[in-house]
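K.L.:
As annotated in Swiss-Prot:
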- 11, 69, 138, 142, 143, 177, 204, 226: GTP binding site (BINDING)
- 34-55: region 'Disordered' (REGION)
- 35-46: compositional bias 'Basic and acidic residues' (COMPBIAS)
- 69: Mg(2+) binding site (BINDING)
- 252: active site (ACT_SITE)
- 446: site 'Involved in polymerization' (SITE)
């Protein structure tokens, strides 16, 4: 067995979780209460990666919902999927983190971490061959940043050898949910840098633009955004759950995408991004999808990939795709001069093909298509996201604005400068990996 446990932290984590589990149930032919639907085709026991089956034939998600305040999780308990989740795997506190990393990490969050680890241990005991853990959280919120970082620290201590992958909502360049987002994001990045093996980032603005421009949603809400994120998460995890001609497991992601431990922030792109009316006019061939994923309009983070160099690239196809077509698409990509790889990693492409076609939520924004592609690329272009964050952090921290709220919650002020230095080092790391080896040799000694 290759079980994966998902932990959804804070409002963003839980709401993305709702969209993901809604999609997983559709993909595995399960009803909202976790039972196999009569007309669903046999899924070859594929769901056991994410679901455990009870003696009564009910499928229960291997997942935890955690939030420091009860509001968002209460909505789940009263929503259409209330019977799907085990009530004990929904853990809430009494007061929220008030957009404050220090509250989520040091004071309010500290009280909740032991019950969370206890529940996680029970989920882990129920697995025969656990592959790893997914942690979903935002960088900007108090619970997502503070408690998310605390959780990853504890996971390193208790489950050191298992793969820990993050799905993070990164602060968008223009859209902001709170003034102190840059502080929270910088602090959580610094804390989790050594504890996370691979972090897939999405930013709300990039997703928002996709919903408006590609999918024709006039006023996208969080449900629209989260359902699109869920498609990306589903594609990344599809080969763990379904058979395929080229399967990719969790450890393979890391091996192929993370050349150095700190450079572990792949950029995700997805194709086709089609609404139902546009679907009739598009061919959606394997080559078309592959080229689309290299365009900035299909990326989940706002940055210009043409400004950077690729270190590694994972192409995860699903549906009606044959390996021969994927290899032909990659061959034509390699002839394009605009797509640059670092000179120390000349081949750079890892292919995955999963036979299960992508599912869509009835009444959702995305059209039903026979095939799709999710591209995960480790590129130096994502350093632009760190530059933006550091700039915003510096503007506030120069005046020590809002710092007293953090220090008042048992945090040392020195942690701010420590985190800032770490991020400066991360920017430098990205700069260095993008430098050609020949240039680096001329500068250094032999």
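Heads up, the Cβ atoms here are built off N, Cα and C, so glycines get one too.
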K.L.:
Going by DSSP, is residue 143 (GTP binding site) part of a helix, a strand, or coil?
P.N.:
helix
K.L.:
By the DSSP assignment reduced to helix, strand and coil, which category contains residue 138 (GTP binding site)?
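P.N.:
Assignment for residue 138 (GTP binding site) reads strand.
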K.L.:
Roughly how many Å separate the Cα of residue 226 (GTP binding site) from that of residue 252 (active site), to the nearest whole number?
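P.N.:
Approximately 26 Å lies between the Cα of residue 226 (GTP binding site) and that of residue 252 (active site).
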K.L.:
Of the binding-site residues 11, 138, 142, 177, 204, which one has its Cα closest to the Cα of residue 252 (active site)?
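P.N.:
Considering only the listed binding-site residues, the nearest one is 138.
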K.L.:
Please list residues from the chain of residue 11 (GTP binding site) whose Cβ is under 8 angstroms from its Cβ, counting only those at least six apart in sequence.
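P.N.:
Sequence-distant Cβ neighbours: 67, 72, 138, 141, 143, 144.
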K.L.:
Could you tell me which three-state DSSP class residue 11 (GTP binding site) falls into?
P.N.:
helix
K.L.:
Return one of helix, strand or coil for residue 204 (GTP binding site), based on DSSP.
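P.N.:
SS state of residue 204 (GTP binding site) = helix.
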K.L.:
How big is the GTP site in terms of the longest C-alpha to C-alpha distance among 11, 69, 138, 142, 143, 177, 204, 226, in angstrom?
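P.N.:
This binding site's residues have a maximal Cα-Cα distance of 22 Å.
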K.L.:
If I restrict to non-local contacts, at least six residues apart, and a C-beta distance under 8 angstroms, what lies near residue 177 (GTP binding site) in its own chain?
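P.N.:
When sequence neighbours closer than 6 are ignored, residue 177 (GTP binding site) has 140, 141 within Cβ distance under 8 Å.
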